[in-house]
Amino acid sequence: MAQLVQEYLDQIRAEHLANTDGALADYIPELARVDPDALGLSLCLADGYVYECGDSATEFTIQSVSKPFTYALALDRIGRQGVDAKIGVEPSGEAFNEISVDKNTKAPKNPMINAGAVAAVSLIPGVSADHRFDQILEFYSAFAGRRLSVDLDVYASEKATGSRNRAIAYMLQSFGVLDGDPDEILDVYFRQCSINVTSTDLARMATTLARGGVEPRSGRRVTSAAVVQRTLSVMVTCGMYDAAGDWVSAVGMPAKSGVGGGITAALPGQLGIGVYSPLLDAKGHSVRGVEVCRSLSVNLGLHFMSVTRESRSTVRASYDARPGVRVYELHGDLLFAGAEQVLRNIEQECSEFDVAILEVSRVDDIDATARRMLAGMREFLTAAGKKGFLVDPDDTLRLAGVPDSRATVFATLDDALNAADHAVSGPPASDR
Ligand code: GLN
(Lines of atoms letter the chains of each structure in order from A and count residues from 1; the text may use other names and numbers.)
(Lines give C-alpha, C1' and ligand atoms only; values in the text may rest on other atoms or scores of the structure.)
Protein backbone atom coordinates (compact mmCIF):
# COMPACT_ATOMS: atom_id res chain seq x y z
CA MET A 1 0.00 0.00 0.00
CA ALA A 2 1.32 3.51 0.56
CA GLN A 3 3.63 1.64 2.88
CA LEU A 4 4.48 -0.84 0.15
CA VAL A 5 5.57 1.89 -2.28
CA GLN A 6 7.51 3.55 0.54
CA GLU A 7 9.32 0.29 1.16
CA TYR A 8 10.21 0.03 -2.55
CA LEU A 9 11.76 3.47 -2.46
CA ASP A 10 13.66 2.82 0.76
CA GLN A 11 14.96 -0.40 -0.71
CA ILE A 12 16.06 1.21 -3.98
CA ARG A 13 17.83 3.95 -2.02
CA ALA A 14 19.55 1.39 0.20
CA GLU A 15 20.74 -0.56 -2.86
CA HIS A 16 22.54 2.50 -4.23
CA LEU A 17 23.77 4.07 -1.02
CA ALA A 18 27.12 2.28 -1.04
CA ASN A 19 28.01 3.55 -4.52
CA THR A 20 30.55 6.34 -3.99
CA ASP A 21 31.62 6.69 -7.63
CA GLY A 22 31.92 10.16 -9.12
CA ALA A 23 33.09 13.50 -7.78
CA LEU A 24 31.55 16.68 -6.44
CA ALA A 25 31.44 19.65 -8.81
CA ASP A 26 34.36 21.86 -7.77
CA TYR A 27 34.27 24.84 -10.12
CA ILE A 28 32.86 26.87 -7.22
CA PRO A 29 33.59 26.25 -3.51
CA GLU A 30 29.94 25.99 -2.46
CA LEU A 31 29.34 22.87 -4.58
CA ALA A 32 32.58 21.23 -3.39
CA ARG A 33 31.48 21.64 0.24
CA VAL A 34 28.25 19.61 0.24
CA ASP A 35 27.87 16.18 1.85
CA PRO A 36 28.95 13.71 -0.86
CA ASP A 37 26.95 10.88 0.72
CA ALA A 38 23.58 12.65 0.56
CA LEU A 39 20.94 10.72 -1.37
CA GLY A 40 17.39 12.02 -1.52
CA LEU A 41 14.66 10.36 -3.52
CA SER A 42 11.11 11.59 -4.12
CA LEU A 43 8.21 10.34 -6.16
CA CYS A 44 5.16 12.52 -6.78
CA LEU A 45 2.00 10.92 -8.17
CA ALA A 46 -0.38 12.63 -10.56
CA ASP A 47 -2.68 13.63 -7.68
CA GLY A 48 0.20 15.32 -5.84
CA TYR A 49 0.78 12.55 -3.29
CA VAL A 50 4.50 12.34 -2.47
CA TYR A 51 6.69 9.45 -1.36
CA GLU A 52 10.12 10.55 -0.21
CA CYS A 53 13.14 9.05 1.48
CA GLY A 54 16.67 9.86 2.60
CA ASP A 55 17.86 13.44 2.13
CA SER A 56 14.69 14.56 0.41
CA ALA A 57 14.47 17.74 2.52
CA THR A 58 18.05 18.86 1.78
CA GLU A 59 18.21 21.97 -0.37
CA PHE A 60 20.71 22.18 -3.21
CA THR A 61 20.98 24.43 -6.24
CA ILE A 62 18.90 23.53 -9.26
CA GLN A 63 21.67 24.38 -11.78
CA SER A 64 20.88 22.97 -15.22
CA VAL A 65 17.64 21.34 -14.11
CA SER A 66 16.41 24.94 -14.50
CA LYS A 67 16.82 24.88 -18.27
CA PRO A 68 13.57 23.16 -19.31
CA PHE A 69 11.57 25.45 -17.04
CA THR A 70 13.02 28.67 -18.44
CA TYR A 71 12.53 27.29 -21.94
CA ALA A 72 8.89 26.59 -21.02
CA LEU A 73 8.56 30.14 -19.70
CA ALA A 74 9.93 31.57 -22.96
CA LEU A 75 7.45 29.44 -24.93
CA ASP A 76 4.69 30.53 -22.58
CA ARG A 77 5.49 34.23 -22.92
CA ILE A 78 6.41 34.70 -26.59
CA GLY A 79 5.10 31.54 -28.30
CA ARG A 80 6.76 28.80 -30.28
CA GLN A 81 7.57 30.78 -33.39
CA GLY A 82 9.50 33.43 -31.53
CA VAL A 83 11.43 30.81 -29.56
CA ASP A 84 12.14 28.61 -32.59
CA ALA A 85 13.63 31.58 -34.41
CA LYS A 86 16.38 31.70 -31.77
CA ILE A 87 16.84 28.18 -30.36
CA GLY A 88 16.90 24.82 -32.18
CA VAL A 89 15.57 21.49 -30.95
CA GLU A 90 18.28 19.13 -32.21
CA PRO A 91 20.39 17.05 -29.83
CA SER A 92 23.92 18.41 -29.97
CA GLY A 93 25.81 15.31 -28.86
CA GLU A 94 28.05 17.78 -27.04
CA ALA A 95 28.86 18.60 -23.44
CA PHE A 96 26.52 21.00 -21.66
CA ASN A 97 29.00 23.89 -21.75
CA GLU A 98 30.16 23.52 -25.35
CA ILE A 99 30.77 26.88 -27.02
CA SER A 100 28.76 26.06 -30.11
CA VAL A 101 25.90 27.03 -32.41
CA ASP A 102 24.23 25.37 -35.38
CA LYS A 103 26.45 25.82 -38.44
CA ASN A 104 23.70 27.13 -40.67
CA THR A 105 21.29 29.01 -38.44
CA LYS A 106 23.91 30.26 -35.94
CA ALA A 107 21.34 29.55 -33.23
CA PRO A 108 22.08 27.30 -30.23
CA LYS A 109 21.30 23.70 -31.12
CA ASN A 110 18.89 23.15 -28.25
CA PRO A 111 17.73 24.80 -25.00
CA MET A 112 19.22 22.16 -22.69
CA ILE A 113 22.87 23.09 -23.28
CA ASN A 114 24.17 26.33 -21.81
CA ALA A 115 24.13 28.22 -25.12
CA GLY A 116 20.43 27.49 -25.58
CA ALA A 117 19.65 28.17 -21.94
CA VAL A 118 21.28 31.61 -22.06
CA ALA A 119 19.34 32.36 -25.25
CA ALA A 120 16.12 31.23 -23.52
CA VAL A 121 16.71 33.70 -20.69
CA SER A 122 17.06 36.51 -23.25
CA LEU A 123 13.61 35.64 -24.64
CA ILE A 124 11.79 36.28 -21.36
CA PRO A 125 10.27 39.71 -21.84
CA GLY A 126 11.45 42.10 -19.12
CA VAL A 127 12.60 45.63 -18.59
CA SER A 128 15.48 44.65 -16.29
CA ALA A 129 17.37 41.64 -14.95
CA ASP A 130 15.20 41.74 -11.82
CA HIS A 131 12.03 41.81 -13.85
CA ARG A 132 13.11 38.78 -15.90
CA PHE A 133 14.30 36.88 -12.87
CA ASP A 134 11.15 37.55 -10.85
CA GLN A 135 9.11 35.86 -13.56
CA ILE A 136 11.49 32.90 -13.63
CA LEU A 137 11.38 32.42 -9.86
CA GLU A 138 7.63 32.74 -9.82
CA PHE A 139 7.24 30.25 -12.68
CA TYR A 140 9.49 27.63 -11.04
CA SER A 141 7.72 28.18 -7.71
CA ALA A 142 4.35 27.59 -9.39
CA PHE A 143 5.69 24.31 -10.83
CA ALA A 144 6.94 23.24 -7.39
CA GLY A 145 3.84 24.44 -5.54
CA ARG A 146 5.88 26.42 -3.02
CA ARG A 147 7.90 29.63 -2.91
CA LEU A 148 11.50 28.84 -3.89
CA SER A 149 14.53 30.93 -2.89
CA VAL A 150 18.03 31.71 -4.20
CA ASP A 151 21.36 30.63 -2.70
CA LEU A 152 23.14 33.99 -2.77
CA ASP A 153 26.60 32.49 -2.16
CA VAL A 154 26.28 30.16 -5.13
CA TYR A 155 24.99 33.03 -7.22
CA ALA A 156 27.99 35.21 -6.28
CA SER A 157 30.40 32.37 -7.11
CA GLU A 158 28.70 31.53 -10.41
CA LYS A 159 28.93 35.16 -11.37
CA ALA A 160 32.58 35.45 -10.34
CA THR A 161 33.71 32.36 -12.25
CA GLY A 162 31.43 32.08 -15.29
CA SER A 163 33.97 32.91 -18.02
CA ARG A 164 32.85 30.10 -20.23
CA ASN A 165 29.22 31.17 -20.03
CA ARG A 166 30.36 34.72 -20.73
CA ALA A 167 32.13 33.47 -23.86
CA ILE A 168 28.91 31.74 -24.91
CA ALA A 169 26.76 34.84 -24.33
CA TYR A 170 29.08 37.15 -26.26
CA MET A 171 29.31 34.63 -29.09
CA LEU A 172 25.50 34.54 -29.26
CA GLN A 173 25.36 38.32 -29.26
CA SER A 174 27.81 38.48 -32.16
CA PHE A 175 25.56 36.10 -34.14
CA GLY A 176 22.52 38.26 -33.44
CA VAL A 177 20.86 35.59 -31.30
CA LEU A 178 20.82 37.52 -28.01
CA ASP A 179 18.50 40.46 -27.69
CA GLY A 180 19.82 42.59 -24.89
CA ASP A 181 22.95 43.03 -22.84
CA PRO A 182 24.89 39.75 -22.46
CA ASP A 183 26.00 40.57 -18.92
CA GLU A 184 22.48 41.34 -17.81
CA ILE A 185 21.21 38.08 -19.35
CA LEU A 186 24.03 36.11 -17.75
CA ASP A 187 23.21 37.64 -14.39
CA VAL A 188 19.70 36.22 -14.70
CA TYR A 189 21.07 32.85 -15.86
CA PHE A 190 23.43 32.65 -12.85
CA ARG A 191 20.58 33.50 -10.50
CA GLN A 192 18.34 30.87 -12.09
CA CYS A 193 21.07 28.22 -11.63
CA SER A 194 21.30 29.22 -7.94
CA ILE A 195 17.65 28.58 -7.05
CA ASN A 196 17.35 26.17 -4.11
CA VAL A 197 15.29 23.02 -4.48
CA THR A 198 14.90 19.64 -2.76
CA SER A 199 14.42 16.29 -4.46
CA THR A 200 10.75 16.61 -3.52
CA ASP A 201 10.54 19.97 -5.31
CA LEU A 202 12.04 18.36 -8.41
CA ALA A 203 9.53 15.51 -8.19
CA ARG A 204 6.65 17.99 -7.89
CA MET A 205 7.96 20.09 -10.77
CA ALA A 206 8.21 16.96 -12.89
CA THR A 207 4.67 16.00 -11.97
CA THR A 208 3.41 19.41 -13.08
CA LEU A 209 5.00 18.60 -16.44
CA ALA A 210 3.55 15.07 -16.32
CA ARG A 211 0.12 16.63 -15.75
CA GLY A 212 0.47 18.78 -18.87
CA GLY A 213 1.11 22.00 -16.93
CA VAL A 214 -1.28 21.62 -14.00
CA GLU A 215 0.26 21.75 -10.50
CA PRO A 216 -1.39 18.75 -8.87
CA ARG A 217 -1.98 20.00 -5.34
CA SER A 218 -3.60 23.33 -6.17
CA GLY A 219 -5.01 22.18 -9.49
CA ARG A 220 -3.66 25.45 -10.86
CA ARG A 221 -2.63 25.60 -14.51
CA VAL A 222 0.92 26.94 -14.67
CA THR A 223 1.31 26.80 -18.43
CA SER A 224 -0.40 25.27 -21.46
CA ALA A 225 -0.32 21.63 -22.52
CA ALA A 226 1.31 22.70 -25.80
CA VAL A 227 4.21 24.36 -23.96
CA VAL A 228 4.67 21.25 -21.84
CA GLN A 229 4.58 18.94 -24.86
CA ARG A 230 7.40 20.87 -26.50
CA THR A 231 9.38 21.07 -23.27
CA LEU A 232 9.11 17.34 -22.59
CA SER A 233 10.13 16.63 -26.17
CA VAL A 234 13.42 18.48 -25.86
CA MET A 235 13.99 16.90 -22.46
CA VAL A 236 13.74 13.48 -24.10
CA THR A 237 16.14 14.25 -26.91
CA CYS A 238 18.54 16.69 -25.24
CA GLY A 239 17.98 16.71 -21.46
CA MET A 240 20.87 14.40 -20.67
CA TYR A 241 23.21 16.05 -23.24
CA ASP A 242 25.63 13.58 -24.81
CA ALA A 243 24.24 10.76 -22.64
CA ALA A 244 20.67 11.26 -23.93
CA GLY A 245 20.59 8.09 -26.04
CA ASP A 246 21.80 5.92 -23.21
CA TRP A 247 19.31 7.52 -20.82
CA VAL A 248 16.31 7.12 -23.10
CA SER A 249 17.19 3.49 -23.78
CA ALA A 250 17.78 2.55 -20.16
CA VAL A 251 15.37 4.79 -18.24
CA GLY A 252 12.91 6.05 -20.82
CA MET A 253 11.57 9.29 -19.33
CA PRO A 254 11.98 12.95 -20.26
CA ALA A 255 14.53 14.24 -17.76
CA LYS A 256 17.04 16.91 -16.85
CA SER A 257 20.12 16.82 -14.67
CA GLY A 258 22.20 19.53 -13.01
CA VAL A 259 25.69 19.78 -11.55
CA GLY A 260 24.15 20.49 -8.14
CA GLY A 261 23.36 16.75 -8.11
CA GLY A 262 19.68 16.92 -9.00
CA ILE A 263 17.74 14.99 -11.60
CA THR A 264 14.11 15.52 -12.49
CA ALA A 265 12.22 12.98 -14.60
CA ALA A 266 8.59 13.03 -15.72
CA LEU A 267 6.42 10.15 -16.84
CA PRO A 268 3.61 11.85 -18.80
CA GLY A 269 0.19 11.29 -17.29
CA GLN A 270 1.56 9.40 -14.34
CA LEU A 271 4.24 10.79 -12.06
CA GLY A 272 7.37 12.80 -11.44
CA ILE A 273 10.68 11.77 -9.91
CA GLY A 274 13.27 13.90 -8.13
CA VAL A 275 16.67 12.63 -7.03
CA TYR A 276 19.51 14.37 -5.23
CA SER A 277 22.99 12.91 -5.00
CA PRO A 278 25.88 15.29 -5.65
CA LEU A 279 28.62 12.92 -6.86
CA LEU A 280 28.82 13.47 -10.62
CA ASP A 281 30.05 11.46 -13.59
CA ALA A 282 32.30 12.92 -16.29
CA LYS A 283 29.30 14.33 -18.14
CA GLY A 284 28.00 16.21 -15.11
CA HIS A 285 25.15 13.86 -14.20
CA SER A 286 24.56 12.55 -10.69
CA VAL A 287 26.01 9.02 -10.69
CA ARG A 288 23.58 7.60 -8.17
CA GLY A 289 20.77 9.78 -9.53
CA VAL A 290 21.08 8.04 -12.90
CA GLU A 291 21.30 4.61 -11.28
CA VAL A 292 18.31 5.21 -9.02
CA CYS A 293 16.21 6.35 -11.99
CA ARG A 294 17.29 3.28 -13.89
CA SER A 295 16.18 1.02 -11.03
CA LEU A 296 12.88 2.84 -10.59
CA SER A 297 12.16 2.56 -14.28
CA VAL A 298 12.90 -1.16 -14.37
CA ASN A 299 11.34 -2.11 -11.02
CA LEU A 300 8.19 -0.07 -11.44
CA GLY A 301 7.80 -0.49 -15.20
CA LEU A 302 8.07 3.24 -15.95
CA HIS A 303 9.80 3.30 -19.35
CA PHE A 304 7.63 5.55 -21.50
CA MET A 305 7.94 3.33 -24.52
CA SER A 306 6.33 0.48 -22.60
CA VAL A 307 3.54 2.70 -21.32
CA THR A 308 1.44 3.44 -24.33
CA ARG A 309 -1.93 3.47 -22.65
CA GLU A 310 -3.77 5.56 -20.13
CA SER A 311 -3.14 4.29 -16.65
CA ARG A 312 -4.75 6.94 -14.49
CA SER A 313 -8.33 7.06 -13.21
CA THR A 314 -8.24 3.36 -12.68
CA VAL A 315 -11.00 3.33 -10.07
CA ARG A 316 -14.19 3.54 -12.06
CA ALA A 317 -16.49 3.44 -9.03
CA SER A 318 -16.43 2.45 -5.38
CA TYR A 319 -19.49 1.77 -3.22
CA ASP A 320 -20.69 -0.21 -0.22
CA ALA A 321 -22.54 -3.29 -1.52
CA ARG A 322 -23.43 -4.20 2.08
CA PRO A 323 -22.51 -2.69 5.40
CA GLY A 324 -18.79 -3.41 5.83
CA VAL A 325 -18.29 -4.63 2.25
CA ARG A 326 -16.81 -2.09 -0.15
CA VAL A 327 -16.54 -2.78 -3.88
CA TYR A 328 -13.88 -1.08 -5.99
CA GLU A 329 -14.54 -1.30 -9.72
CA LEU A 330 -11.36 -0.91 -11.74
CA HIS A 331 -10.93 -0.45 -15.46
CA GLY A 332 -8.30 0.27 -18.10
CA ASP A 333 -4.72 -0.93 -17.79
CA LEU A 334 -3.26 -1.46 -14.39
CA LEU A 335 0.32 -0.20 -14.21
CA PHE A 336 2.33 1.23 -11.33
CA ALA A 337 0.61 4.61 -11.01
CA GLY A 338 -2.89 3.15 -11.34
CA ALA A 339 -2.21 0.36 -8.85
CA GLU A 340 -0.69 2.88 -6.43
CA GLN A 341 -3.84 4.96 -6.62
CA VAL A 342 -6.08 1.96 -5.96
CA LEU A 343 -4.00 0.76 -3.05
CA ARG A 344 -3.76 4.19 -1.44
CA ASN A 345 -7.56 4.59 -1.64
CA ILE A 346 -8.06 1.22 -0.02
CA GLU A 347 -5.54 1.93 2.72
CA GLN A 348 -7.07 5.32 3.50
CA GLU A 349 -10.56 3.87 3.69
CA CYS A 350 -9.81 0.54 5.34
CA SER A 351 -11.22 1.56 8.73
CA GLU A 352 -14.61 1.89 6.99
CA PHE A 353 -14.97 -1.73 5.82
CA ASP A 354 -14.28 -5.35 6.77
CA VAL A 355 -14.03 -6.68 3.24
CA ALA A 356 -12.71 -4.96 0.11
CA ILE A 357 -13.76 -6.45 -3.22
CA LEU A 358 -11.72 -5.46 -6.24
CA GLU A 359 -13.84 -5.87 -9.36
CA VAL A 360 -11.31 -6.20 -12.16
CA SER A 361 -13.37 -7.72 -14.97
CA ARG A 362 -12.99 -4.47 -16.93
CA VAL A 363 -9.23 -4.31 -16.47
CA ASP A 364 -7.62 -4.88 -19.86
CA ASP A 365 -4.09 -5.55 -18.81
CA ILE A 366 -1.93 -5.61 -15.73
CA ASP A 367 1.83 -5.45 -15.57
CA ALA A 368 4.13 -7.34 -13.20
CA THR A 369 4.57 -4.34 -10.90
CA ALA A 370 0.84 -3.84 -10.41
CA ARG A 371 0.41 -7.57 -9.80
CA ARG A 372 3.07 -7.50 -7.06
CA MET A 373 1.36 -4.50 -5.54
CA LEU A 374 -2.02 -6.24 -5.42
CA ALA A 375 -0.37 -9.22 -3.77
CA GLY A 376 1.01 -6.78 -1.20
CA MET A 377 -2.48 -5.37 -0.71
CA ARG A 378 -3.84 -8.74 0.37
CA GLU A 379 -1.05 -9.08 2.90
CA PHE A 380 -1.75 -5.59 4.20
CA LEU A 381 -5.46 -6.23 4.55
CA THR A 382 -4.88 -9.54 6.29
CA ALA A 383 -2.47 -7.90 8.73
CA ALA A 384 -5.10 -5.21 9.40
CA GLY A 385 -7.69 -7.92 10.17
CA LYS A 386 -9.57 -7.29 6.91
CA LYS A 387 -10.23 -9.36 3.83
CA GLY A 388 -9.42 -8.59 0.21
CA PHE A 389 -11.34 -10.40 -2.57
CA LEU A 390 -10.96 -10.18 -6.32
CA VAL A 391 -13.64 -10.55 -8.99
CA ASP A 392 -11.64 -11.69 -11.96
CA PRO A 393 -13.57 -13.84 -14.47
CA ASP A 394 -10.72 -13.78 -17.00
CA ASP A 395 -7.98 -14.46 -14.49
CA THR A 396 -6.30 -11.23 -15.58
CA LEU A 397 -5.00 -10.72 -12.11
CA ARG A 398 -4.13 -14.25 -11.13
CA LEU A 399 -1.76 -13.62 -8.32
CA ALA A 400 0.98 -15.90 -9.49
CA GLY A 401 3.00 -17.28 -6.64
CA VAL A 402 0.67 -15.97 -3.97
CA PRO A 403 -0.47 -18.79 -1.68
CA ASP A 404 -4.23 -19.41 -1.39
CA SER A 405 -5.06 -16.84 -4.08
CA ARG A 406 -7.76 -19.22 -5.34
CA ALA A 407 -9.70 -18.82 -2.10
CA THR A 408 -10.03 -15.08 -2.66
CA VAL A 409 -10.52 -14.86 -6.43
CA PHE A 410 -14.08 -15.16 -7.75
CA ALA A 411 -15.66 -15.37 -11.18
CA THR A 412 -18.59 -13.06 -10.40
CA LEU A 413 -19.39 -10.21 -8.04
CA ASP A 414 -22.25 -12.28 -6.55
CA ASP A 415 -19.83 -15.06 -5.60
CA ALA A 416 -17.53 -12.56 -3.98
CA LEU A 417 -20.43 -10.92 -2.12
CA ASN A 418 -21.57 -14.32 -0.81
CA ALA A 419 -18.07 -14.98 0.46
CA ALA A 420 -17.98 -11.51 1.95
CA ASP A 421 -21.26 -12.19 3.79
CA HIS A 422 -19.64 -15.27 5.31
CA ALA A 423 -16.61 -13.31 6.26
CA VAL A 424 -18.58 -10.49 7.88
CA SER A 425 -21.19 -12.54 9.76
CA GLY A 426 -19.56 -15.97 9.94
CA PRO A 427 -20.79 -18.97 7.93
CA PRO A 428 -24.56 -19.73 7.99
CA ALA A 429 -25.72 -22.31 10.62
CA SER A 430 -26.06 -25.08 8.00
CA ASP A 431 -22.32 -24.83 7.22
CA ARG A 432 -21.15 -25.02 10.81
N1 GLN B 1 25.85 26.73 -13.51
C2 GLN B 1 26.30 25.68 -14.36
C3 GLN B 1 26.81 26.25 -15.67
O4 GLN B 1 26.20 27.11 -16.21
C5 GLN B 1 25.18 24.70 -14.61
C6 GLN B 1 25.63 23.56 -15.47
C7 GLN B 1 24.91 22.26 -15.20
O8 GLN B 1 24.22 22.07 -14.22
N9 GLN B 1 25.14 21.29 -16.08
O10 GLN B 1 27.85 25.86 -16.16
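Positions of Cβ are set from backbone N, Cα and C atoms, glycine also.
Where the annotation comes from TrEMBL, it is an automatic prediction and has not been curated.
Note that the structure is predicted; figures quoted are calculated from it, not measured.
As recorded in TrEMBL, the features of this protein are as follows:
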type	residues	note
BINDING	S64, N114, E158, N165, Y189, Y241, V259	substrate binding site
DOMAIN	315-398	domain 'STAS'
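Location within the structure of each feature annotated in TrEMBL.
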{"residue": "S64", "record": "substrate binding site", "Cβ contacts under 8 Å, 6 or more apart": "F96, M112, N114, A117, C193, K256, S257, G258, V259, G284"}
{"residue": "E158", "record": "substrate binding site", "Cβ contacts under 8 Å, 6 or more apart": "I28, F190, C193, S194"}
{"residue": "N165", "record": "substrate binding site", "Cβ contacts under 8 Å, 6 or more apart": "N97, N114, V118, L186, Y189, F190"}
{"residue": "Y241", "record": "substrate binding site", "Cβ contacts under 8 Å, 6 or more apart": "S92, E94, A95, F96, M112, I113, K283, G284"}
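In terms of DSSP helix, strand and coil, the domain 'STAS' (315-398) has 33 helix, 35 strand, 16 coil.
When averaged over the domain 'STAS' (315-398), pLDDT in the model lands at 86. In the structure shown, the C-beta of Y189 has more C-beta neighbours within 10 angstroms than that of any other entry among the binding-site residues N114, Y189, V259. Within the set S64, N114, E158, N165, Y189, Y241, V259 that the record links to substrate, no two Cα atoms are more than 21 Å apart, and one pair reaches that distance.
According to its DSSP assignment, V259 (substrate binding site) is coil.
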